[in-house]
Each structure stands twice: as C-alpha cells, then as structure tokens.
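K.L.:
Sending over a structure as structure tokens; questions will come in a sec.
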Amino acid sequence: MNLVIVESPAKAKTINKYLGSGYEVLASYGHIRDLPSKDGSVKPDDDFAMEWEVDARGSKRMSEIAEAAKRADRVILATDPDREGEAISWHVLEVLNKKKALKDTHVERVTFNAITKTAVLEAMAAPRQIDMELVEAYLARRALDYLVGFTLSPVLWRKLPGARSAGRVQSVALRIVVDREMEIERFKAQEYWSVEADLAADSPPFTTRLVKHAGKRIQRLDIPSEAVAFAARDAINAGDFTIKSIEKKPVRRFPSPPFTTSTLQQEASRKLGFNAQRTMQAAQKLYEGVDETGGLITYMRTDGVQTTPEGIAQAREVIAGQFGPAFVPAEPRYYKTKAKNAQEAHEAIRPTNIARHPDSLRLDGDLQRLYELIWKRMVASQMEAARLDRTTVDVETSDGQTALRATGQVVTFDGFLAVYEEGRDEKQKGAETDEDDDSTRLPTLKEGAKAKVEAIRTEQHFTEPPPRFSEATLVKKLEELGIGRPSTYASILTTLRDREYVRTDKNRFYPEDKGRLVTAFLEQFFRKWVEYDFTAALETRLDEVSAGDLNWKVLLREFWSDFHVATAAAGELRTTAILDALNESLGPHIFPQKEDGSDPRACPTCGVGQLSLKTSRFGAFVGCSRYPDCKYTRPVASPDSEAAADGGDRELGLDPETNQPVHLKIGRFGPYVETTPPEADKPKRSSLPKGWSPASLTLDQALRLLALPREVGMHPEDGKPITAGLGRYGPFVLHAGTYANVADIDEVFEIGLNRAVVLLAEKRAGKFAGRGAAVAPLKDLGAHPETGEPIHVMAGRFGPYVKSGKINATLPKGTAPEDLTLEVALPLLAARAAAAPSKGKKAPAKKAAPKAAGEKKPATKKATAKKPAAKKAPAKKPAAKKAAAED
C-alpha cells in the first residue's frame, strides 16, 4: 500500500480519485508543529537550535498518519510546491521518524502545480527527496520571525504600554502606512487654474485646453490665480485661431501577463472589492477542487508570470474558437517578471483547463467571481494587441502668443480589450492628464482651417496629497520594495488590523495612534531593522539560502549579532528618555503649529505646564507636566485631527434634575461623561461603553450612563437589592456579591426584576455546576401536601421552572418566579407527572432484566450511552486556553 500525505482534506479527496485502490491519501490539516509561544524556542547560544511542539490537533492527526505509515510500503509526501509545503513535508517526516513509524519504508517527495489527473500522475512518476535548501530557508525565516517577535515585543510591552507586538515584515508594512499619513499631513495644497475652450472649424464643437499663454508654454501649475486665468480667457476671446497641425498616430496596447499572487490580490481588490485574505481563501478552494471537480486553477502562491506550453496552446485554441483568428497573435506571448526578488519557481495563476468557461461552472459567489477574473486575465494575456488611433490637434493665434490643444483617440480593433482591461488605482487628483484615458472622438478637421471660439471655461483646482493606501496599492508597494513574499501579504495586512495598529475606512488604510507610536519607537531605537532597504536585502539573503548559496545559520548569526545588542540597550532605556524621543519624533502630529503662533505644547487648562506624551497601562495619552496639580489629558491624536474631533471635551447640556452641566471628556483611560451634583464632594463620572462614539453622544445617553448603577428591585428570596451597572467587562446585574453579565448595553438601562433574577440564578447555576454543590432556588414554596417533598422555583437553561422530587414543570410564559404560589405550582407538577407515565412503567422492567441473559443488552447500551456526557469535561480546555491567551 502507498500512503500519500497532503495538507488539506479537500486536496486529499480530489487526489484520491486519481490514484486508485493501491493508495491511501491522508491530510495533515496544515502545519502539524510549530515553535512554542514562549522564551527559548530558538536558542541563539546553542547555534540557533529550535524546539518544536506538536499541538493537540496535530498530535491526533500524526497518530493516524503514523499508524497508516506502519502499514505502508511507500510514503509519498505530496504537500504544496513551495517553501511552506516543503516545510510541512519535513515536519511530517521528522515526527514519523521520532515515532519509529517508518522502519524500512521508502519515503518520497512529489509536487504538482495543479491538482489535475495528468499533473498528479506525472508527479507520482517523478518523485524526489525533500529539498533541504528550501527547508533551511523556511527555518531561517521562522527563526528570524520568532527572534524579532519574542525579543522585541517584550521591550515594546514594557516601554510602550498598549503596544501589542512587533514583527520583521509587519513593522515595516506599518511604517509604510504611517509614512504615507505623515506625508499627507505635511502636504500644503497649491492653487492652480485650468482654462478650456470649445472651438468649431466648419465642424461640430470640440474641446481644447490652453497650452500656451503670452508666448510661454503652460504646464499644469503655471496658472496660479484667478487673475492669470482671466487674462488667459481674455486673450482667447480676442484671438484669431487657425488649426496649425493635425497629428494622427496609430497606437497599440498590449495585454497584461497572467496573474501572480500579488497581482491577483490587487485586481481582486480593485474589481471585486475582496481583501487579500478573502482572495486567498477563495483561490485555495479553486486550487484544491470543489465538490467532484478537480483543481480549477494552478497553484496560487507564485511570483512567476510564465505559462506552460500546454496552457498557452489551450488559451490560443479558446481565443480562435470564441473570438476568431484575427484575435490570435501570430506568435505566442511569453512573459518575464519585473518584480523585485521574484523567484519564478512556479507558473502564473491560470485555469487548469482554459476551455472550461466560467459560464459552464456553478460555483459559490466568491469562487465564481474569482475564477472568472483568472480565466479572463489568462485568455487576454494570449490575445492580439488592441489598436487605437490617437489624434492631436494644435490651434494657434496668428501671432503665436496663444495656443490650444485637443486630443482624442478611438479604438479601431478591440484585441484583448474584448475580454479584459486591467483595473487602475485611484489617480491623484490634479495629476498630469494620461492620454490613454482620453477616449474623445474628434470631428473631421483640416489643417489651416479657421477656428471660432464657441465657449471658454476657467476652473479653480487645488493639488491634493498622495492617496492613502488601499489593499491593492499597499500590496503593490510591498512587492515593489521587495518586502515580504506573495504568500505573506494577506497575513501581514490581517495582523496590522488585528493589532489595532491600522483601521480601514472606505478601503483605505489609516494608522491608529498606537501604530504611530510603535513606528516612532522603532524608528528611534531600531531604525536599521525597519528600513525598507534592509528588509528587502534580508529577503534577498533568504532567497540565497533557498538557492543553496548561503548557509542559513550564517544568516542568523549576522542578524542576531547586532539585533540582540540593540534590544538589550533599549531594555535599559528610562521611560522619560523614550517619551522625550517620541515627543520629538511625533511633535508635528501631536503638537501641530497654531495659527496664532502660540506655543502648541502649552497646557490649555493651566497655561503654565507643557503638554507631553505619558503612558498608562491602557496606552499612551497626552497630559500636562504639572500633573497631578493639573489633570488635563487628551488622546494622542492632534487636537485638530479627526480622532480628536470624535472625542474632544465638550458640554452636552444641563441635567434637568440638578441644572448642572454634563460634560464629555477624554481621559487617560478613554472618553467619559461627568457632572457635579450640588453639594457633592467630587464629580460623578461614567466611562463610555465600547462601541459608543463620542462624536454622536447625546445628553440623554450621558444622563442614562450617569444614572448607573441603578436599583432594579429586591430579590424575592432574601429581600436584598439587585442593581444594574456598567463595569470594566461590560454591563452587569449584581446581587449579594454575585455579578451576572447582561448581553446588551441597552438592556442594562431597562432590565426588570424577573429577568435579573433569572440571570443571577443562571450565573449561580453555572458557577456551581459540576462541583457537587446544590444550586440555590429562586423561591421556596414549602412541602408537597402528598409526598412531603420540598417544592422550589429554580432557574433553568430554558427559563424558570418548578421542581418537586424528580418532577420538573416549566412555568407558563409570562409567569414571574417571585409571583408563583404553592396553589399555582401544584397543578403544574400534577400535569407534568400525568404527561409522562411511561417513565414509571419502565422502572420495574429493569429489575426483571436479570431473568433473561439476552435482555441484559439494553442495560449495557444505556450505560454506554452515557459516555458522551463524560467527555464534556475535557471540552472545556480550549476555552481555558483562550482565556489565558487573552490575558
């Protein structure tokens, strides 16, 4: 028997169809082991020895794989054809060797770029050994990422509270976003004007733009004011224009190459609105195969733009059949990548069978749309160029002092445009006109003809800063700089969001203050390691390891020798020194110059102290140097920024009961509302709940917050008060030291006594369940007149119920537990007992079971049926693990 090991069950299912009965295909479900998230998993002092750990899921999978390997004559490692796939195969082999599951079993490695029958069978016929150079490149990357994360992140936690983590590539990507934001903030808008004129020369009117004024050629910013624009307008009005020249020029536009990982993510963002993670999840499913189909696309993690001869031939055949011979170029198109550090180990992303038209498939939404995008791009890449005629018409006055120009173009042959046109990123407003965008069709004109001015338009413009990055443009920037790898872009962007270093608004990245602080800290104290060139050079060195040109441990020694010195030095820095450096670095953002020329760091409250960055366990904030005498605080954001506008100090109105003002304020722990009741020693305050926007906060909302905690009522059992309030972990109800969470913030203002009693009872039931302690009843109704058993009102999973002995009866809908009486409870219990007579009849049957040996089986089955219940206890472990991780 041959055992084939792949990553995913979907891939295993598809491959299993192709290999027949002599093969067993099992999935590892991705990586089966990793470096533990603790100190010492990589040991620089022990020549970078690495300590691996198999997690619970991986352990279970590997036990199954090991058992199958013991029965197998041959083990075939068929994981993905890239560095991560090679690493998974290596990890599986290492664990199998440790389990002594192989003995004399022959182990082989196979790779295929597409999950089709032909590709799989060809791969099986050409096995090889694990590529240790690729594995060592993986080990180097994994060690570098671990060393940066587990050495630098603790420094951040200690020196910059609120910071979550740092990463070798993640921190550089964050710097790109922050640098762009700072560029936008530094930008000064410049006024300029445009002048257009509609002319007619024995023809329909056509639009021209001013290109010469007062004998000087005009560039975009050369008309700086209304006065100059009006002078140009007057000159046009007074001019006698003649068509000086008409230039017609044939132009060809060529198709883009088929997709790489990066360009797929960019185009899916532009055309489909997918983020990088969504794109890669859909691409993974298309690659592995959907339902009974084989793989629909080739491997989706690639930086190569080349296509196999088979793929090119398929595309040309489809083009000829669907569009005609005129759309097929005389020679096939061959592409070469321009991306920095591209390895081109795999062909471009394309359909495995290009004859499979998107309309012939019935896929789920994302898969259908992404497949269609990939199909169109691949087909277009082998089509004939589009042909256009571009016309430029120059019109001048007889004295040559004023000139106008009209441009237009028309498509004379669609070529690849019949199928696909590459999306474009948002252009910076005010940028030079791109003639490719001018699809105006000009009327028939003659050189030397007189042109009459029909209308003149002057328009004011202002230059705009460079646009913020979208997912598409950030991925493109990372690729241009040679930072990261196509397979890592999606996870990098996800991490930046998860760490709350950036936010996205209308698909644009904005750095959060936390992200700015981390970037400023790293630029001040770890500048070398967040430089674009250094990170790109390190990627090049890692590629040298992949190629076998550099020993991976030599690379680690080079990196670690300087890095650990820098982290040790940063660990010794005093907080005041760090804050001084950040004040200097972030000064233009935190303390922008004021229009009146006054000191931007002067405290607006006391007028004496200086504003400065300060830290608390919740993160950084701006405070007065005279604290605690002056308690002025605000967020890190500039007072004029959007973030500050969302949460600035302001009066919301007067409390109608006290006639005292209610204020919204921003403190070191976030926004809160405050009022000072008459004769009170100190103000009453309440923090804003999570999700409440300071910008939209109303007086009514503030008064409701300030009314907390409020008394809900007295508990029917002991007469002690139940209160509802808002705490650090959200809304709650409280009774006799027991807190129960309230699901929704709005409910805390309206919750009634009945609901509060049930929540508290459920909390107590959950608290003591499984510990052998009795659950406290909601109410004691006394003894049953017939059985003598006590009758209690209890809180249950599905609501309150009445209990006596083994009989449980649900309370009718709308019945409050505290209102239930013995007289009402007795009929409920009687009705419940009468409704289940079968239970009473079965009891004697159990006693009779020993009479016949054959009748013992049902009792055995019943005992076995209890096993799932016993398994519930271990199921709590993941929850406990999660809680520990979140702490």
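From the backbone N, Cα and C atoms, a Cβ is placed for every residue, glycine too.
Please treat TrEMBL annotations as automatic predictions, because they have not gone through curation.
So TrEMBL lists the following for this protein:
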- 1-111: domain 'Toprim' (DOMAIN)
- H31: site 'Interaction with DNA' (SITE)
- R141: site 'Interaction with DNA' (SITE)
- R142: site 'Interaction with DNA' (SITE)
- D145: site 'Interaction with DNA' (SITE)
- W157: site 'Interaction with DNA' (SITE)
- Y299: active site, O-(5'-phospho-DNA)-tyrosine intermediate (ACT_SITE)
- R301: site 'Interaction with DNA' (SITE)
- R499: site 'Interaction with DNA' (SITE)
- 635-658: region 'Disordered' (REGION)
- 670-693: region 'Disordered' (REGION)
- 834-887: region 'Disordered' (REGION)
K.L.:
In whole Å, how far is W157 (site 'Interaction with DNA') from R142 (site 'Interaction with DNA') when you measure between their Cα atoms?
P.N.:
22
K.L.:
How many other Cβ atoms sit within 10 Å of the Cβ of H31 (site 'Interaction with DNA')?
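P.N.:
H31 (site 'Interaction with DNA') is surrounded by 16 other Cβ atoms within 10 Å.
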K.L.:
Do any residues at least six apart in sequence from W157 (site 'Interaction with DNA'), in the same chain, have a Cβ closer than 8 Å to its Cβ, and if so which, in order?
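P.N.:
Looking at Cβ-Cβ distances below 8 Å from W157 (site 'Interaction with DNA'), excluding near sequence neighbours, one finds A163.
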K.L.:
Counting each residue once, how many in the domain 'Toprim' (1-111) are helix, strand and coil under DSSP?
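P.N.:
Per DSSP, the residues of the domain 'Toprim' (1-111) fall into 46 helix, 26 strand, 39 coil.
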K.L.:
Of the recorded sites H31, D145, R499, which sits closest to R301 (site 'Interaction with DNA') by Cα distance?
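P.N.:
That would be H31, nearest by Cα distance.
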K.L.:
For H31 (site 'Interaction with DNA') and R141 (site 'Interaction with DNA'), what Cα-Cα distance in Å is obtained after rounding to a whole number?
P.N.:
15
K.L.:
Around the C-beta of R301 (site 'Interaction with DNA'), how many further C-beta atoms are within 10 angstroms, looking at every protein chain?
P.N.:
23
K.L.:
Starting from the Cβ of R142 (site 'Interaction with DNA'), draw a 10 Å sphere and report how many other Cβ atoms land inside it.
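P.N.:
Summing over all protein chains shown, R142 (site 'Interaction with DNA') has 17 other Cβ atoms within 10 Å.
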K.L.:
Distance between R499 (site 'Interaction with DNA') and R141 (site 'Interaction with DNA') at the Cα atoms, whole Å?
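P.N.:
Counting only the Cα atoms, the answer is 21 Å.
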K.L.:
Which whole number is the mean pLDDT over the domain 'Toprim' (1-111)?
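P.N.:
Taking every residue of the domain 'Toprim' (1-111) together, the mean pLDDT is 92.
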K.L.:
Identify, among the recorded sites R141, R499, the residue whose Cβ has the fewest other Cβ atoms within 10 Å in this structure.
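P.N.:
The recorded sites R141, R499 were compared, and R499 has the fewest Cβ atoms within 10 Å.
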K.L.:
When secondary structure is assigned with DSSP, how many helix, strand and coil residues does the region 'Disordered' (670-693) contain?
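P.N.:
Taking the region 'Disordered' (670-693) as a whole: 0 helix, 10 strand, 14 coil.
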